[in-house]
Amino acid sequence: ALETLKMFEKKDSRVKSAAATNLSFLYYLGNELEQATNYADLAVNSDRYNPAALTNKGNTVFANGDCEKAAEFYKEALRNDSLCTEALYNLGLVYKKLNKIDEALDCFLKLHAILPNSAQVLYQLASIYQIMEDPNQAIEWLLQLISVVPTDPHVLSKLGNLYDTEGDKSQAFHYYCESYRYFPSNIEVIEWLGAYYID
């Protein structure tokens, strides 16, 4: 893939930007940040209006620890294409990391309108409501999530934990049992179930 994409580097700016965007993404996946950054710069310089290039640039900046600057690249990508879901998702993650919870929630609610069955978006919404100490909303989003991914043991144990925190032992037991059924090696789930049976 890298060799094929490098053949397009000498073409006109749009083709060069598309090739550099893909090269940047491949290097980013391979955890070669320096190369990913170089190609992200090339992609952005070749076509400043390419939302994927701006998103990749934001990713490389974020990986280097500059959350504020990464947010600027994601926002610029969204100004060029308001439906760039990768930029919107990553912007939400950056806001979450910066503890700008309301802004993060806004990003993920917009994403949910675009991608109503995205497991990642549903999980992030539940996580944000948990941070906001609104367990009922967190539970609602997790219930939607298990309708999309019904066999995810992590989500099931999270539901069990939330119900336990809310004092609903029977629902907590149900979801912990389901989590155990799909992944019987989670020590926290085993401990909870053991304590439940002792009680």
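Every residue, even glycine, has its Cβ placed from backbone N, Cα and C.
Per TrEMBL, repeat 'TPR' is recorded for 85-118 (among others). Sorting the repeat 'TPR' (85-118) by DSSP state (H, G, I as helix; E, B as strand; all else coil) yields 27 helix, 0 strand, 7 coil.
Summarising the annotation, TrEMBL assigns repeat 'TPR' to 119-152 (among others). Applying DSSP to the repeat 'TPR' (119-152) sorts its residues as follows: 27 helix, 0 strand, 7 coil.
Across all of the repeat 'TPR' (153-186), the predicted model scores a mean pLDDT of 97. Positions annotated as repeat 'TPR' by TrEMBL: 153-186 (among others).
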Residues from the same chain, set at least six apart from the ends of the repeat 'TPR' (85-118), whose C-beta lies under 8 A from its own: 51-52, 54-55, 58-59, 62, 67-68, 70-71, 74-75, 77-78, 124-125, 127-128, 131-132, 148
Tally of DSSP helical, extended and coil residues in the repeat 'TPR' (153-186): 27 helix, 0 strand, 7 coil
